[in-house]
Amino acid sequence: MEFSALMTSAGINVGLCALFLCLYSILRKQPTNVYVYFGRRIAQEHYRETECYTLDRLVPSPSWILKAWGNTENDILHCAGLDSVVFLRFLVFSIRVFSIATIVCLFGVLPANYFGRDMLHKQIQLESVEVFSIANVKEGSRWLWVHCLALYIVTFSSCALLYQESKNISRMRLAYIRRSPHNLSHFTVLLRSIPIPGGEMLRDTIRNFFRNYHGPSYLSHQLIYRTGKVQKLMSSAEKVYRKFVQLRLPSSNTRQRLYRCGLCGGDKTTPFRFHKNEVDLNEKSIDLTFADIVQAEKDCIAAFVFFKTRYAAAIVSQLMQSPNPTLWVTDQAPEPHDVYWSNLSISYNWLWFRRVLILVTSIAFMFAFLLPVTFVQSLTQLTQMKKMFPFFRDILKMPMVTKVVTGYLPSVILLLFFYTVPPVMMLLSTIEGSISRSDRKKSACHKILYFTLWNVFFVNVLSGSLLTQLNAITRPKDLASQLAEAIPKQATFFITYVLTSGWVGLCSEIMQIFALVYNFIRKYVFKLDDDPELVPTFPYHTEIPKVLFFGLLGFTCSILAPLILPFLLVYFCLGYAVYLNQILNVYVCKYDMGGTLWPLMHNTTVFSMVLTQIIAIAVFGIKLSKFSAGFTILLIIGTLLFNEYCRQRFSSIFTSLSVQDLIEMDREDELSGRMEDIHEELLSGYYKYFPDKDSQKSDKCNGENSDSTIVNPFASNFSQVIKPIRSESL
């Protein structure tokens, strides 16, 4: 690709970015878009726009950047949780690392690449981008030591900054755990695979088991039911009663919403209607027979077991409760608002099969994506494209068309295909059986990251080399050397991908194009009012893989094609401003993963450094520089030792809770008298989070699936009836 084609792609993307940012700075000032651009502040802070109409609303301005920059880390932690702080800190880490890499490589490596051969250079706009890569350095060149030295500087600075971030984030996570004394999940264990009792009721079986083996620490339990006949009976009675209340109070402000349940035999055609009013419905009574209760217990699928202390719950969740590991299975329960109720009905004995099935499906989907990636790579090769589309030969002779097709179009097409990946991976993570929304999002995040690394990086490099050097198939001994030569050549495509997916992607994120269109249709087509419950959560499962992938590009191309580094540095700086603004104004924190995504960021960064060093060894071998290759081997060993030290030092902090912290929090609550209040809250903490489809609407905006069932057959309004069934307390 010529340098002029790269500049054409850069010009198009810079123009789109400027247009989107100008439109955003104007649209955010319009009162009709307040729910699009200030959703979190409305939902949590009851923010309202009070300015009167002025011409300033029609003038673009960068004031939003200054407003976002004025917030401290404590402000972000208070309003958006620890996950947002960890994500933003990784962006700051990337800015620091690639600032160092840009200075070192642009002033050291880039001149060595450009003057690596004795050749007559053309004008800069007519030069090939490859003259700025290591491919332009001749074999046996004495300047290859510059590349090795630059690799050492980038690696050492990255390891030092990564260690410092791991240390700080670990300290923040420990402080986060200590500052959350009323986290009900610390006292709760999810019990599954409950053995069918013989001769006694299920609630008595669970109570007797935990009284027998955990008597001093056991508090109570709550059964979780699958929808069944009793569910239909209670729901129908509640529906009739609510209609009766509505007729008696015609002036009350009621809102009617439609729900459907239908999991494992539930009747999908039976609607559930709930009305929001201030009438106390606990006064009515419904007579349930003993046969109804027995039938309900047959539909029990799991149970929440509550303990008096955090320490006791942690011990129970980590130990086997029976010699048979498939019975009395216990796990640490998620927070009440984080529970993914639909997946609680999945049999524990079938989880392994689901995971294997999802693994096979994910791999098949990754290989199915090879077709569009190969097609995209064919567009970057002009000679190959003329063979594939001979009827376009005359059009492709036009210089401007050639620059747009080879420099801009491939990355756009790949990006459009990639929009199908997050919804598919979220669906697969749901089928996999995660019991919490945060675990489902983390699982989708891992899948999207692996998918991106394979298809956007490795497959692009392989397909690009095979399209230009088909003899690699017939000469497998030279495959490794040909791949090492092809990676620097593919850097031109990655630069255009950073421009399209990175720069323009960030500007479209802050524009909220889909939310803007949805808001317009909702207001002016369907004439519906704004609903704070529709505010989405931050899409970590899509944004973290994107940031990590661009970090991998920065490491692998730092000494091979350093021309990409300024574009990446601009991406990370712009990304920090955009994501900070979105976290503070747009996205709401409905559940917090406690910074547990940091190990993924750390491990991916180390993987990127090791991959860069392996590629460098192959390139140094091709360039006949044994001195540089030998020193790079030592660098790989040092990086792996650094990773092992960090794993031993920090990984346990993100996977388990310390005994010291748990016992100290228990003692503080007992001395202050808060423990009794926590025990009372436990009895209704999970029960009050009745699956409400309205509360899950915002998940649909993030590509998540909402719950499709009600898992407890007794509505909260029938507390007099279900109180003895709901929990058994000492």
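Positions of Cβ are set from backbone N, Cα and C atoms, glycine also.
Quick look at what TrEMBL lists:
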{"type": "DOMAIN", "residues": "5-165", "note": "domain 'CSC1/OSCA1-like N-terminal transmembrane'"}
{"type": "DOMAIN", "residues": "186-343", "note": "domain 'CSC1/OSCA1-like cytosolic'"}
{"type": "DOMAIN", "residues": "354-620", "note": "domain 'CSC1/OSCA1-like 7TM region'"}
{"type": "TRANSMEM", "residues": "6-27", "note": "transmembrane segment"}
{"type": "TRANSMEM", "residues": "86-110", "note": "transmembrane segment"}
{"type": "TRANSMEM", "residues": "143-163", "note": "transmembrane segment"}
{"type": "TRANSMEM", "residues": "356-379", "note": "transmembrane segment"}
{"type": "TRANSMEM", "residues": "408-428", "note": "transmembrane segment"}
{"type": "TRANSMEM", "residues": "448-473", "note": "transmembrane segment"}
{"type": "TRANSMEM", "residues": "493-518", "note": "transmembrane segment"}
{"type": "TRANSMEM", "residues": "547-580", "note": "transmembrane segment"}
{"type": "TRANSMEM", "residues": "600-620", "note": "transmembrane segment"}
{"type": "TRANSMEM", "residues": "627-645", "note": "transmembrane segment"}
Problem - Positions whose Cβ lies under 8 angstroms from the transmembrane segment (547-580), at least six residues beyond its ends - result: 10, 65, 68-69, 71, 76, 87-88, 90-92, 94-95, 97-99, 101-102, 105-106, 109-110, 113, 129, 132-134, 147, 150-151, 154, 158, 449, 452-453, 456-457, 487-488, 491-492, 494-495, 498-499, 502-503, 506-507, 509-510, 600-601, 604-605, 607-609, 611-612, 615-616, 619
Problem - Chain residues outside the transmembrane segment (408-428) and at least six past its termini with a C-beta under 8 angstroms from it - result: 8-9, 12-13, 358, 361-362, 365, 369, 372-373, 375-377, 379-380, 440-441, 444, 447-448, 451-452, 456, 493, 496-497, 499-501, 505, 539, 541-542, 703-705
Practice task
Looking only at the domain 'CSC1/OSCA1-like 7TM region' (354-620), report the model's average pLDDT.
Solution key: 83
